[in-house]
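Here is the structure we will look at, set down as structure tokens.
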């Protein structure tokens with residue numbers, strides 16, 4: 001590809017990372033990682049969840065202090081560690097995260113200049129000049145953006161482009177005094193929610209930036225995008241640097257192998273077989289913006305997993321089946337009762353015996369400021385009422401019993417939910433829904449931020465629930481969890497189901513492989 | 001997980017990690033359960049927080065009494081103060097309900113004024129029997145609540161804006177229906193039923209306010225409806241995903257607020273036998289001050305009826321005492337205005353100390 005243009009002889013590398021390690025408590029997030037990013041190079045950073053990609057980026061952004069012994073230099077000059085977060089821009093680093101950091105209600109120009117507007121001491125902003133300057137910048141990159149348009153009216157692609165241009169301009173301005181240091185742009189998963197055409201436009205912009213001398217670190221899940229845009233790529237796995245390769249010489253297969261690795265093959269397939277094949281739930285023509293139309297079914301007592309890469313749409317499915325999102329269409333049949341999902345809502349879902357535990361524990365699933373007792377008793381207030389009405393004592397007694405069964409520690413119903421650890425809060429919230437005996441239980445990332453011990457208890461609770469005849473739908477990006485917990489796993493890409501794994505095929509590695517392989521067939 | 005791979009180093013490690021984790025858990029639990037046991041038996045801090053306002057009330061009476069013992073320690077002073085603040089209690093209760101579901105209702109005082117004026121107009125000018133007129137004004141309060149909820153929920157406008165506007169609009173309506181005049185001569189039956197009849201020397205209107213406080217307390221504390229109100233206020237999305245009809249609950253709260261505020265207007269008219277177009281509006285701030293001050297007491301961190309009840313009389317005792325001391329009437333503004341800010345600051349402190357609200 002263009003690797004020969006990168007790294008001209010005699011010039012120092014743009015970014016040089018040596019012996020970077022980071023531990024969280026005892027856990028290794030990064031172990032002695034060394035890599036270089038050359039001038040004018042697009043350098044891919046690949047790895048699955050928990051590989052250390054985001055830790056590496058956060059060290060560069062100054063969020064994390066690396067372990068002693070690390071050395072990071074930009075254009076041959078070593079930078080202080082931890083990297084001073086307020087000064088990264090002056091050092092020549094700029095970041096574009098998946099949440100682009102744009103303010104939708106402000107204009108394109110205002111967003112573009114947000115850095116100088118919010119810190120500058122300017123008592124007379126010349127808007128005419130500012131708009132002209134913005135227009136000149138866009139013209140240089142060949143972008144058709146209206147400087148006066150509110151950012152909220154732009155498409156997702158235009159917003160991503162704007163964020164990248166802004167990051168580029170920020171480092172260009174910050175490093176104006178030393179043209180020999182054009183800066184390093186870090187793009188952290190910028191593409192998952194963009195349509196294919198938008199991705200190409202974005203790549204065009206990335207190449208323009210590198211032609212102007214900047215280097216780009218491109219962080220992604222998506223092997224094909226990395227193969228398309230990068231000159232070289234580094235693969236991380238479990239905090240270790242597996243390999244840095246020249247992209248042009250590396251096949252898709254070779255990347256996938258490095259990402260998932262072969263050494264972790266400890267867990268065999270779950271070989272769980274559903275207890276019955278009595279159909280319980282059937283979903284057809286399920287569709288919402290970016291997902292579907294798709295259909296699948298669940299048997300009684302079956303635990304069905306949904307997974308895919310970020311942006312593939314699998315994580316929307318539980319909320320859609322619960323009637324919690326507007327604009328859903330499709331049909332669902334549960335125990336021979338049919339529902340039109342367009343007219344479905346949480347109240348109807350609960351009546352039909354569907355329960356939903358969202359991933360956002362204190363935002364959607366439970367209320368942190370209220371007591372554990374209030375939180376878990378909510379669905380059964382009616383049954384707890386005595387002649388004198390509902391009392392705290394009654395609620396406490398019920399919640400304590402429930403908490404004991406679920407293994408909530410400490411089992412004190414008067415404590416606020418926010419005071420519990422992630423795992424214990426999740427156990428309590430799971431118990432909240434299991435007590436109503438759902439026919440279909442919908443879970444989104446049920447063990448995110450949950451410690452190993454609590455995770456096992458949650459799995460056991462799910463197994464028991466399934467054995468009693470309920471159907472369970474789990475959406476998760478934790479392949480290992482899915483492999484152990486589920487009878488069957490559906491893999492999503494671009495809003496479609498692209499693979500189904502069960503029985504002996506249901507292993508962590510095969511799930512990962514299908515997730516990463518699913519891309520090219522659809523591109 | 002696959003079977004018996006004890007020879008595998010990873011499995012062995014995992015076992016050790018699990019054992020360590022279990023150890024940690026038991027340790028953690030013993031520490032937590034100890035602190036929890038302490039807090040469950042008796043905790044000075046919690047106790048002081050719950051009953052601090054009552055104690056402060058007593059202390060204030062003693063201090064003021066030291067200067068003016070004849071008036072401060074006379075039952076008559078309290079009896080008339082209890083009677084004349086009945087409608088403030090009712091208005092505070094009206095305000096508290098939408099506050100619990102997360103909506104501000106700035107129109108409550110205007111609704112109180114509207115109901116007071118409508119009652120006088122219907123009864124005096126149009127000769128409607130007082131019973132019918134009361135039903136009519138309560139319905140008017142409900143309609144205002146419905147209008148508020150329509151704009152808040154259908155258009156998604158913030159409740160502060162909507163109720164600020166409707167409140168001001170209602171003020172105009174009051175001036176219109178009354179021709180900007182005070183209307184006197186409201187049926188003596190109402191006056192008798194509010195202020196002339198006394199029990200233990202206290203006008204009967206006070207007992208209406210007391211009964212309503214008990215009712216609101218019961219609903220908030222001992223019914224699933226009350227808990228749902230709280231759920232909606234603290235976490236709309238959680239409530240919605242738990243199958244609560246959030247819009248219906250919020251509408252209900254705003255309508256209840258309108259009706260109860262209208263009832264406060266009925267009491268206010270009965271207390272004076274007349275209605276004027278503007279004086280009711282001055283009760284908005286006292287009601288806010290009492291609602292927030294009340295939320296720091298009895299059930300700290302929640303808007304609650306007993307707390308509000310105590311707060312109203314705490315504030316009016318202070319004003320009464322200062323009046324006895326010969327301080328000018330501007331003290332009322334100082335007391336209510338200062339009380340509101342201090343109450344909110346205290347509730348913020350409570351929130352900071354433990355994550356409630």
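Counting begins at 1 with the first residue displayed.
Glycine is treated like the rest: Cβ placed from N, Cα and C.
Curation plays no part in TrEMBL annotations; they are all automatic predictions.
Matching B:27-45, B:160-178 against TrEMBL, the residues noted as transmembrane segment span B:160-178. Stretch with the most C-beta contacts under 8 angstroms to the transmembrane segment (B:131-154), considering only B:47-67, B:79-100, B:249-268: B:249-268. Sequence-distant contacts of the transmembrane segment (B:305-326), counting only residues of its own chain at least 6 positions beyond either end whose CB sits under 8 Å from a CB of the stretch, comprise 53-54, 56-57, 60-61, 64, 67-68, 71-72, 77-78, 81-82, 85, 88-89, 92-93, 96, 209-210, 213-214, 216-217, 220, 286, 289-291, 293-299, 332, 335-336, 339, 343. Below 8 A, the CB atoms of the transmembrane segment (B:199-220) and the transmembrane segment (B:79-100) form 3+ pairs separated by six or more positions in the chain. Most Cβ pairs under 8 Å with the transmembrane segment (B:280-299) belong to B:333-350, among the candidate stretches B:79-100, B:106-124, B:160-178, B:249-268, B:333-350.
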